[in-house]
Amino acid sequence: MKNIVLTGFMGSGKTTIGKLIAEKLDIELIDTDSEVIKEFGMTIDKIFEVHGEKKFREVETKVIERVSKLENVVISTGGGVVLNPENVKLLRENGVIYFLYAPAESILKRLKDDDTRPLLKNGDKLSNIIRLLNMRMPFYKNCDFEINTDILTPELAAEKIISIHLAKESKR
């Protein structure tokens, strides 16, 4: 089975939905942010502070190179992984990419008490979310499928992705 790759903005539900899919299909979940944290031995917040976003993205791509070679896994990516076309190419070689979408206001509600997001640290959170979401949307729209996590519970979103994925797999 091709990998199920979840991408989308921070707070869109990638980790939560990824866990549900992995559990239901009894396959492994790989969270690329967690893999980057292992590489550096520090939180993403700290990585950005000490090494900067550029270094974070370089290591993220190395993680993508490694995990994209796996088969039959769920891969939950960082929200900015789609900004690098090479990452998308690698993930698509052995996977189907699902964009988990939620509007800016919903993301703000989900992240309101989360101070660990380096890209939302300075200035007005909603303005930053809108700006980043608008900048990334053309990249997200290039994914294979879009799932609106604002109108679906995590359980229903997971079921929808599984249903789409298994139908797609049966046609291969």
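Positions of Cβ are set from backbone N, Cα and C atoms, glycine also.
Over in Swiss-Prot, the protein carries these features:
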- Gly11, Ser12, Gly13, Lys14, Thr15, Thr16, Arg117: ATP binding site (BINDING)
- Thr15: Mg(2+) binding site (BINDING)
- Asp33, Arg57, Gly79, Arg136: substrate binding site (BINDING)
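Taking the features listed in Swiss-Prot, we show where each one sits on the structure.
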residue	record	contacts (Cβ under 8 Å, 6+ apart)
Ser12	ATP binding site	Gly79, Leu100, Tyr101, Ala102, Ile107, Thr149
Gly13	ATP binding site	Leu100, Ala102, Thr149, Pro154, Ala157
Lys14	ATP binding site	Leu6, Thr7, Gly8, Ser76, Thr77, Gly79, Leu100
Thr15	ATP binding site	Asp31, Ser76
Thr16	ATP binding site	Pro154
Asp33	substrate binding site	Ile44, Ser76, Thr77, Gly78
Arg57	substrate binding site	Gly80, Leu83, Asn84
Arg136	substrate binding site	Phe9, Gly79, Gly80, Val82, Leu83
- Task: Please state how far apart, in Å and to a whole number, the two most distant Cα atoms are among Asp33, Arg57, Gly79, Arg136, the recorded substrate-binding residues.
- Result: 18
- Task: Measure the Cβ-based neighbour count of Gly79 (substrate binding site), defined as the other Cβ atoms within 10 Å of its Cβ.
- Result: 22
- Starting from the Cβ centroid of Asp33, Arg57, Gly79, Arg136, which together make up the recorded substrate site, report each further residue of the same chain whose Cβ lies within 8 Å of that point, ordered by sequence. Met10, Glu60, Thr77, Gly78, Gly80, Val81, Val82, Leu83
- Task: Enter the number of other CB atoms within 10 angstroms of the CB of Gly11 (ATP binding site).
- Result: 23
